[in-house]
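Taken from TrEMBL as is:
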REGION    32-54  region 'Disordered'
TRANSMEM  76-95  transmembrane segment
TRANSMEM  115-132  transmembrane segment
TRANSMEM  153-173  transmembrane segment
TRANSMEM  179-200  transmembrane segment
TRANSMEM  212-231  transmembrane segment
TRANSMEM  259-279  transmembrane segment
Amino acid sequence: MQELEFKSQADETACKAEPAALEDEIYAGVAAKGQTEEDKKSSKSAGGQPARETTMVLQEPQYQGSFWRHLLTFDLWLFWLTFFGLWGTGTVINMNAAQLYRSINNGVYDPRRQSLYVALIGLGSAIGRIVSGVIDMKLTRWRRDGVRDISTTLFLPTGCLFLFIAYLVFTVIPPEGLVFPFLIGSIGTGMGWALGALSVRICYARDVGKHYNFMFSSGFVSVIVLNRFMFGGMFDAEGERLNSLPYCNQRSCVRNQCFILMSINVLSFFSGCVVHWRFARFVKREKKCGWSNKCPFRSMKRFKPSKDIQVICKTNVYN
């Protein structure tokens, strides 16, 4: 059995601590492997029962440091900009479903049809969240089994793509086909919320709650800017021009807003891609520099292993 080489006595002591206590601190799972035939023979010859081997698995590299330190970093504000488009433009659909329906349908309003669109928004959001969870589970299993090393952050901008398609379709589709953009847009919104939470947890090692809650400030700003001033202001201005207030019963009442929201999603899509690219480059660099069995703490030597790096030792557990 291959043993680990520790750089200090403190690292070895931390590694040999109670496995149950360490297990609670580890985000990554522990992969259990069977014994080799040689180990089984040696165990039986010693008169003991077959040993179960617990293999050490290192946690994936993450951005270290406190929230206040990251507040001055480029990566955190890239996250913020991505969520501005993901959460902000998705909220516009949710809060203005009736206005979109009435304007595109030239003033004809059916409450039953409106109820259908509201139900589709909830359904699409649930689908987006479930799909995001399935993607994360699949990618985590691939990384654990060594099949592919792909981070969930790769799919962070996916919601922007769905929202872009939804707003594009709103500008051209006939009223009978509004089911499609409402469903696609709400799926993008659900994926944005789910993948946003997962990505923040994956990227940051400390103060995860502070990092995630800070992202809600982007939703707060986007609701005021995009919903109240942009969408609402342009909607009222067009309704006043058509002398139809408080309603606006033409597609022109919402078309320009859709173009603006499409542009914001393009910007958020690219910022999300940069988030993944920078994090993937960071992970690759950290693993290349020293995340190996012989020196698990080499690339993190500027941190205290007992606090910032959690490991489980390779041990023999007898039944």
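Backbone N, Cα and C atoms are what each Cβ position is placed from, and that goes for glycine too.
A Cβ distance under 8 Å defines the sequence-distant neighbours of the transmembrane segment (179-200), meaning residues of its chain 6+ beyond its ends; these are 79, 82-83, 86-87, 90-91, 93-94, 97, 116-117, 120-129, 131-133, 135-136, 152-153, 155-156, 158-163, 165-167, 169-170, 173, 208, 211-212, 215, 275. The transmembrane segment (153-173) shares the most Cβ pairs under 8 Å with 259-279, out of the stretches 115-132, 212-231, 259-279.
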